[in-house]
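Undergrad: Below: one structure in structure tokens.
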Amino acid sequence: MTNTIVISCLHNMAAILYCGQIQKLVVANAHYQVSDIYLGCVDKIFSGINAAFINLGKNEYSGFIHISDTGPLKKKYYVNNITNILTIRQKILVQIIKEPTLNKGPRLTANITLSGRYIVLMPFSQSICISRKIYDEDERHYLKSLAILIKPATMGLLFRPSAVGVDEEIILSELKNLKEQWNFVQKSAINSYSPVLLYKDEDIVKKVIRDFYNNNTNNIVIDSNLGLKQLNYYIHTWHCNNSSTVPKIKLYSNNQCILDAFGINQAISRALIPKVDLILGGYMFIETLEAFTIIDVNSGSFNNSTSARETVLKTNCSAATEIAYQLQIRNITGVIIIDFIDMESQRDQLQLLEHFNKELSLDDAKPQIVQLSELGLVELTRRRQGKSLYELISSDSNYFYFFTQSERSQSLKRFDDRQQKQQIFNKSWLSAEINTINKVFFQKSNLCRPANFYLIRNLYIVKSSITYKQNYLLTHRSKLIYSKEYSKVLPSSYYLASLNKNSNQEFLS
């Protein structure tokens with residue numbers, strides 16, 4: 001299967017394309033990312049649930065750690081009360097294993113690990129682990145023997161699937177780098193005051209090549225000269241160019257935004273719409289709630305089969321294929337309940353589940369079908385791997401940058417023309433909105449620039465960065481503009497009037 005990696009250093013995100021279709025989005029630089037290492041401070045302890053909240057020094061949420069994740073801190077294995085392990089204001093070295101959701105903070109562990117392309121260093125473990133994705137028994141025996149020889153005495157090693165067939169010198173070189181990283185973390189922890197961030201994997205190029213590059217990668221496109229140098233460095237360091245197929249690396253230099261050129265913005269836009277049309281004519285609705293996600297499948301106008309039974313089966317199989325794709329592109333995790341079109345035949349139900357299992361097997365997040373309930377609902381779970389697309393856009397103003405630099409993102413133009421015409425743009429109506437926008441979008445200097453805003457579900461979205469040559473810009477929705485002179489968002493009527501006379505001084509005051 002052909003594989004193309006598109007990296008946008010400007011937007012700090014990347015996309016993995018299979019046969020021209022976007023399968024996965026990769027984003028870096030979140031407030032809390034998996035594998036970030038903090039020197040935290042114990043804030044609260046709840047002995048009833050054997051858990052504690054750790055102050056990480058920023059944002060609104062504290063991290064959550066359970067007693068089962070405090071292994072290195074236990075002086076004795078049989079300790080079963082967290083109050084015997086942690087005390088208030090105690091310093092603790094922790095790592096994020098689950099990113100925060102809209103209402104919960106990040107999940108933490110004291111079992112620190114450092115990941116490379118081929119191996120994972122486990123400083124607080126002495127075990128040797130081989131990835132389950134390595135099926136060759138001879139290769140597993142070889143890697144285990146190699147680990148016994150090279151493993152540090154007080155640390156453990158885990159071999160990733162990419163370690164198959166790799167020369168020992170390359171693995172030794174990576175082990176050396178990981179040990180140096182761990183030494184750096186330890187020294188930083190000793191010399192720092194908690195709470196503080198000690199280690200963060202912010203390099204989008206490194207993250208993509210380490211976690212997603214494989215022998216099927218044929219093309220890599222990147223939009224930055226500096227990023228291109230980093231890309232060549234990591235490919236050379238990890239000896240990715242020694243594989244049977246050497247990928248073609250291209251620097252993207254067209255005027256069109258790279259996210260538009262490869263359809264990434266369009267894919268994100270479509271993934272924000274609850275309704276998804278099926279190829280055969282049916283459709284489905286995807287609604288994500290706090291507890292679970294609901295998917296409802298409908299046949300719509302599809303009626304190209306000889307019988308109603310065949311129509312239902314084809315529609316359900318088409319929906320199963322699309323659901324497997326939508327779970328990946330939207331990064332929907334947790335409990336998922338699917339209401340397929342009712343089928344009376346158990347043979348058809350079995351055929352649908354077999355087809356659905358086959359489609360889900362291509363997903364790295366390992367979705368598992370739990371059961372087909374008596375009501376005909378398919379229940380499955382999907383392992384959490386970072387934030388969902390909806391969470392990225394809803395929870396963090398930095399992720400409004402998802403849509404920056406794109407002046408033709410079609411989904412952000414879905415407005416109700418009738419309501420727009422009826423909207424009254426006066427000083428009293430706009431005052432609260434303007435204050436909110438200024439507070440949300442211009443609290444950080446890197447966002448203080450002329451910008452477009454769009455209203456989606458009562459949420460303002462930044463559409464694009466505009467050239468610094470323009471002093472103001474009318475928006476399509478609210479008729480608001482950003483004034484460089486006053487560093488505020490103002491109603492267009494007030495600002496345009498100020499070009500001829502100072503009629504907006506009363507409003508600014």
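In case you wondered, yes, glycine gets a Cβ from its N, Cα and C as well.
Per Swiss-Prot, the features are:
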| type | residues | note |
| --- | --- | --- |
| DOMAIN | 35-117 | domain 'S1 motif' |
| BINDING | Asp296, Asp339 | Mg(2+) binding site |
Undergrad: So, in DSSP terms, is Asp296 (Mg(2+) binding site) helix, strand, or coil?
TA: strand
Undergrad: If you draw a 10 Å sphere around the Cβ of Asp296 (Mg(2+) binding site), how many other Cβ atoms fall inside it, taking every protein chain shown into account?
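TA: There are 16 such Cβ atoms around Asp296 (Mg(2+) binding site).
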Undergrad: If you skip the near sequence neighbours and keep only those at least six away, which residues in the chain come within under 8 angstroms of Asp339 (Mg(2+) binding site), Cβ to Cβ?
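TA: The list for Asp339 (Mg(2+) binding site) reads Ile294, Ile295, Asp296, Val297, Gly376, Leu377, given in order along the sequence.
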Undergrad: Tally of helix, strand and coil residues over the domain 'S1 motif' (35-117) according to DSSP?
TA: 9 helix, 32 strand, 42 coil
Undergrad: Need one number: mean pLDDT over the domain 'S1 motif' (35-117).
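TA: Within the domain 'S1 motif' (35-117), the model's average pLDDT equals 88.
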